[in-house]
Structures are given as C-alpha cells and as structure tokens.
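Colleague: Have a look at the structure that comes next, please.
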C-alpha cells in the first residue's frame, strides 16, 4: 500500500515517445540558441582575452541551468514524495525534465566536437556520456526517474557556478559585493545541490538494491562515482580559488590596480569550462 501511494501518477501516465521528442526538440532548441548568439556576437562587457566560443558555451550552459534548476526546484516542492521513493515515483512533469536535460548534454557534446574541444574538456565529455547514458536508459524503462531528478539538483548550483565565470569574463572585481555573493552562494549550493544529492543516491542504491537489477546498480554506481570524482576535483578548485586565495588575491589586486596591471595579466583568471 505504501509503495502504491508513492508512485505518483503511475508509469502509464508517461510515454517514451514523448521523451524522445523532448530530447530532440531540446537539442535543436539549444542549437538555434547557439546560432542566435553567433549572430549577436560577444558583448562589449566581455574581456577581449575571452574566447567567443567559451563565452557562448558557458552562457548556453547557464541558460540550461536556469531552466532545469527551476524545474528541479518545482519538482521538489510540488512532489516531495519523489525523494522518499525515487525508484517508483513518477509523473509527466518530472519525467520530461530528464530528456530535456539529456537533449542539452547531447547538444553540448556535439558543439564541443564541432569546435574541436573534446580533448581539451575530456572530463566534461566523460560527464556528458555517463549522464546521457543513464538518463536515456531511465526514461526508456520509466523507472528511477526520482534519482535523475535528485542528480539534476546540480543544475541549481550551475546557475551560480556559471554566473561566477561570466562575471569574471566581464571584469567584475573579486572584491565586489556581487561577486562575493555569487561566489559564496556557489560554494553553498555546490555542497547542498551537488555533493549531498550524490550521497543521497549512494544511500538509495543500498536501500533499493532489491528493487532494481544488479546490472543497473553497478552501472548507476559507476555513473555516480564518476560524477562524484569530477565534482570533488572541481570543488577543490573552487575552494582554493574563492576561499583560500581570497585575502591574498584582494591584496594582489590592489597592488596590480596601483601599477595599472590587468587581472588577466597576473594569471588569477582561469577560464576552465567548469571552474
């Protein structure tokens, strides 16, 4: 009886063909968005040292983060039972978010391939591969959608992660209130929306071991572990950049400003895709 109460609208309420349509439409939508940004060009506020492709790529990723992050937040508020039973709980609203994100990750992978960035951002490519594989498998079997929603909580953090990078690209000072707010919110949401959800999925794999196949557990464990390693490396970079070096950077900026030296010359800005 308890399991029935936590199935949401039930598996019959969602359709796989709709998921594939959503995935394809999303890929095309982000391609069109990329073409629009190509025509508009790089904004004047963005530093000339910044590669246009990198600015465009992060901007599109930020837009995906805003859409998906809002979608995830609504899922958690409207359907809190999905966290209690991430295996069986399902409805069309949360179900279609999975192929939506898969479509974006497919677009981003194609974009990196076309622009010959696969080798440069191999860790991002690996992340996209394991995530898309997991998402497509889950929306095909119409199960464990709740786990995908929990994983996509990371997109809430992506809003601030990429906003931080866009501010850097626009020469917004590290010591400004805006940058400090975004930086601290980024650190907070990184822990609460990336790392903690991954731990929830780990515990869920143990608790729901009897409800899914061994193959699925092993595959999903590998997917989550890969994501955890990548996120821990990124978190270490963020803490080092925004917390540990905060005071020294502030002092360094004052010296550089007095001498007329650009913050781009002192090597403080590193435009990695995910840092």
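The first residue you see is number 1, and the count goes up from there.
Cβ atoms are placed via backbone N, Cα and C, with glycine included.
What you are looking at is a predicted structure, and each value in this text was computed from that prediction instead of being measured.
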Colleague: Look up transmembrane segment in TrEMBL and report which of 165-183, 184-202 it refers to.
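Modeller: It is 184-202 that TrEMBL describes as transmembrane segment.
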Colleague: Decide whether the stretches the transmembrane segment (17-37) and the transmembrane segment (86-107) have at least 3 CB pairs under 8 angstroms, with pairs required to be 6 or more apart in sequence.
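Modeller: Yes; at least 3 Cβ pairs under 8 Å.
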Colleague: At a threshold of under 8 Å on Cβ distances, which of 58-80, 119-139, 145-163, 214-235 pairs most often with the transmembrane segment (86-107)?
Modeller: 145-163
Colleague: If you count every Cβ pair below 8 Å, which range out of 145-163, 184-202, 214-235 shares the most with the transmembrane segment (119-139)?
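Modeller: Between the stretches 145-163, 184-202, 214-235, 214-235 has the largest tally.
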Colleague: Quick one: average pLDDT across the domain 'TLC' (50-234), no decimals.
Modeller: 92
Colleague: Given a Cβ distance threshold of under 8 angstroms, which distant residues of the chain, six or more beyond its ends, lie next to the transmembrane segment (214-235)?
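Modeller: Beyond its ends, the transmembrane segment (214-235) has Cβ neighbours at 123, 126-127, 130-131, 133-134, 137, 144, 147, 151, 154, 190-191, 194-195, 198, 201-202, 205, 274-275.
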